[in-house]
Amino acid sequence: MSGRMDWSSRANGPLHGSVRVPGDKSVSHRALMLAAIAEGDSHIRGFLEGEDTRATAAVLAQLGVRIDTPSSGERVVHGAGLHGLRGTTQALDCGNAGTGMRLLAGLLAGQAFDSTLVGDASLSKRPMRRVTGPLALMGARIDTHDGLPPLHVHGGQPLQGIRYELPVASAQVKSALLLAGLYAAGDTEIIEPHPTRDYTERMLAAFGWPIAFAPGRAKLSGGHVLRATDVEVPADFSSAAFFLVAASIVPGSVLRLPAVGLNPRRTGLLQALQLMGADIAVEHRREAGGEPVGDLVVRHAPLHGVELPEALVPDMIDEFPALFVAAAVASGTTVIRGAAELRVKESDRIATMAAGLRALGATIEETPDGAIIHGGRLGGGTVESHLDHRIAMSFAVAGLVAAGAVRIGDCSHVATSFPGFLELANGCGFALQVAP
Ligand code: S3P
């Protein structure tokens with residue numbers, strides 16, 4: 001991670017053009033992990049060259065997996081097989097990535113060797129008992145630091161499948177348990193309070209592992225084999241989200257976002273923005289790599305506040321920072337409830353967005369599980385990203401409609417999920433600069 005880098009964003013007129021956002025973070029992490037323990041060579045195309053996913057690749061390389069990079073956005077993973085990973089005494093650094101650390105905890109729980117997972121300052125504050133608790137029920141032994149990283153995973157523990165009802169909707173926890181379930185005796189069955197992204201389930205099936213799944217449930221048994229397969233990673237809807245909000249709120253804008261992943265467990269923001277009056281069309285719906293994709297065309301439209309349906313929350317869990325900006329410049333009031341999970345993301349996203357928007361003059365009330373946002377005009381000012389990529393990018397969008405420049409503190413983490421954001425944003429009309 002490079003040193004502190006502030007950004008400055010300001011209004012610059014309408015946004016135009018075609019914006020090709022990078023590969024999906026969730027899919028990229030999973031493709032690496034499953035390919036690493038498969039038999040044979042898997043070719044991944046559209047791989048996200050972000051710091052989070054590169055950290056996962058580096059961890060797998062430390063565990064003895066050979067991964068080639070024929071070109072940017074491409075990986076060839078030479079699978080080591082289910083029992084082919086090699087232990088190391090070095091710490092395995094997941095960087096900023098909650099997905100990397102939690103999924104790897106599940107994968108490593110089934111190995112014969114010990115491992116230690118560490119992360120950066122933000123990840124080191126994120127709760128891990130949600131994975132280590134149910135993994136312990138399967139027989140895993142994982143030490144935490146009072147529920148926080150580092151995680152020390154003891155190897156050589158025989159695992160037993162469980163039936164587990166998740167207390168909180170979390171694709172990371174579900175995926176960690178399914179990965180441990182590959183190494184467990186008997187069935188592992190996961191039931192979710194709300195369906196979450198099902199990439200692990202779909203990808204396990206694509207790699208030939210028998211798995212039964214439907215929205216909100218998944219079941220597999222141990223003792224099978226993963227066979228190498230090629231993975232085409234769609235563009236990340238969560239990265240497209242910033243441009244959907246940006247073009248919606250800047251008068252005169254029209255943006256096209258080609259080939260964006262449209263897995264229904266990811267596109268809640270599309271519905272939320274449409275409820276607010278946004279003009280977003282989906283063109284050329286098709287399948288790529290087993291996932292629905294489409295081209296998004298977004299035009300400026302006046303937005304109004306809404307009571308956000310709680311059922312949408314899990315399907316847009318990463319898009320709230322962007323939605324907060326849309327709500328802050330919409331007419332009327334937006335009410336968000338049932339989103340307490342936002343408090344344990346890369347930052348406490350309710351608190352960081354509320355503090356930043358207030359610094360720009362917005363009126364916003366925080367609640368334990370959401371916020372009440374009164375739409376109006378934004379002024380210039382200084383906000384902090386709190387080492388959170390999505391907070392930084394959301395305030396870059398806010399700068400487009402603020403009366404003065406918005407200075408965003410410490411944007412170095414944007415590269416965790418969206419390398420090249422600044423250049424891509426400026427290419428379609430942002431006025432975003434590294435601040436002196
Ligand atoms: C992810 C799941 C979500 C999401 C994260 C990626 C995944 O986290 O916020 O960015 O790839 O499984 P939770 O499982 O904590 O909700």
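Glycine too: its Cβ is placed from the backbone N, Cα and C atoms.
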3-phosphoshikimate site partner of Lys25, Ser26, Arg30, Ser170, Gln172, Lys345 (as recorded in TrEMBL), chosen from Asp68, Asp143, Asp315, Asp318: Asp318
Rounded mean pLDDT for the residues that make up the domain 'Enolpyruvate transferase' (12-423): 97
Number of other Cβ atoms within 10 Å of the Cβ of Lys25 (phosphoenolpyruvate binding site) across all protein chains: 25
Least Cβ-crowded entry, counting other Cβ within 10 Å, from the binding-site residues listed as Arg30, Lys345, Arg349: Lys345
Spatial neighbour of Arg390 (phosphoenolpyruvate binding site) that is closest, considering only the binding-site residues Ser26, Arg30, Ser170, Asp318, Lys345 and their CA atoms: Asp318
Assigned element (helix, strand, coil) containing Ser170 (3-phosphoshikimate binding site), judged by DSSP: coil
Helix, strand and coil totals (DSSP H, G, I; E, B; other) for the region 'Disordered' (1-22): 0 helix, 7 strand, 15 coil
Ser26, Arg30, Asp318, Lys345 filtered to the binding-site residues whose C-alpha is within 10 Å of Arg126 (phosphoenolpyruvate binding site): Lys345
